[in-house]
């Protein structure tokens with residue numbers, strides 16, 4: 001492996017982004033060997049990562065939104081090599097990047113390649129990996145049904161608008177949750193199982209989550225009496241509903257839902273009647289800012 005070889009896996013819609021081009025050029029002028037590959041269709045990111053690992057690249061950069069980040073991170077983790085991950089946030093929500101303190105400006109984001117990569121955890125459910133968060137209930141439906149065109153026009157506000165227009169479809173989910181020293185059963189409106197802290201365009205469902213603690217943060221919003229009003233508050237920023245959440249921090253969690261539960265894994269839908277969530281500690285090395293809110297402690301000095 002050549003420690004200086006870096007490959008940017010860039011979402012196809014960002015191929016003409018002039019800020020990205022300038023940031024890449026600046027890295028090259030500074031002496032970094034930085035190549036770029038562009039995705040075109042589903043599966044491209046995974047294939048590009050696999051080819052990059054075989055070619056000896058030391059670092060992969062995920063250039064896109066949360067979905068691109070999940071694809072690259074999963075492929076990198078399954079490759080079981082020593083290559084690290086850097087993040088170039090170019091999506092609508094950029095939930096993981098925002099919570100981690102990663103700059104949204106391309107040049108500043110790529111500058112994090114100079115930071116020492118830190119080992120972080122990944123979440124896993126029924127054989128699928130996720131970097132940020134699994135969401136369930138009405139919030140996951142909003143994320144899944146927000147159109148790309150609307151996100152392009154409104155940015156993160158698109159999730160709010162989609163939620164407001166789908167109030168007529170609001171109904172509670174039913175589930176049983178089991179984990180070490182934690183049991184809960186009932187109807188719920190929203191669910192977050194977080195390695196990271198926020199999802200759905202800035203909704204902070206797991207405010208104390210860390211990506212290097214070997215735990216998943218569980219946040220359940222039980223169905224309130226004023227369901228529509230509470231949901232409106234949640235979609236509008238969440239102020240005033242904090243005290244309603246049931247929370248836990250666990251190494252694993254089993255969820256049973258007799259009618260099935262729709263879950264969103266960083267943009268990828270999953271449905272099941274029985275889901276088991278667990279943590280893969282230190283599964284991936286990621287270039288994060290010094291003092292990132294998602295890290296427990298500073299890196300050890302060598």
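Here the Cβ of each residue, glycine as well, is placed from N, Cα and C on the backbone.
DSSP assignment over the domain 'DAGKc' (1-129) gives 55 helix, 39 strand, 35 coil. According to Swiss-Prot, the domain 'DAGKc' annotation covers 1-129, on the basis of sequence analysis.
For 39, 65, 66, 67, 68, 69, 70, 71, 92, the entry in Swiss-Prot reads ATP binding site, with the evidence type sequence analysis. All protein chains shown were included, and the count of other CB atoms within 10 Å of the CB of residue 68 (ATP binding site) stands at 27.
Remark: residue 213 (Mg(2+) binding site) has 121, 249, 296 as non-local neighbours, by Cβ distance under 8 Å and separation of at least 6 in sequence. Residues annotated as Mg(2+) binding site in Swiss-Prot: 210, 213, 215.
Applying an 8 A CB threshold to same-chain residues 6+ apart, the list for residue 268 (active site, proton acceptor) reads 67, 70, 128, 130. Sequence annotations record features per position, and here Swiss-Prot assigns active site, proton acceptor to 268 based on sequence analysis.
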Cα proximity to residue 215 (Mg(2+) binding site), best match among binding-site residues 39, 68, 92: 68
Mean of pLDDT values spanning the domain 'DAGKc' (1-129): 95
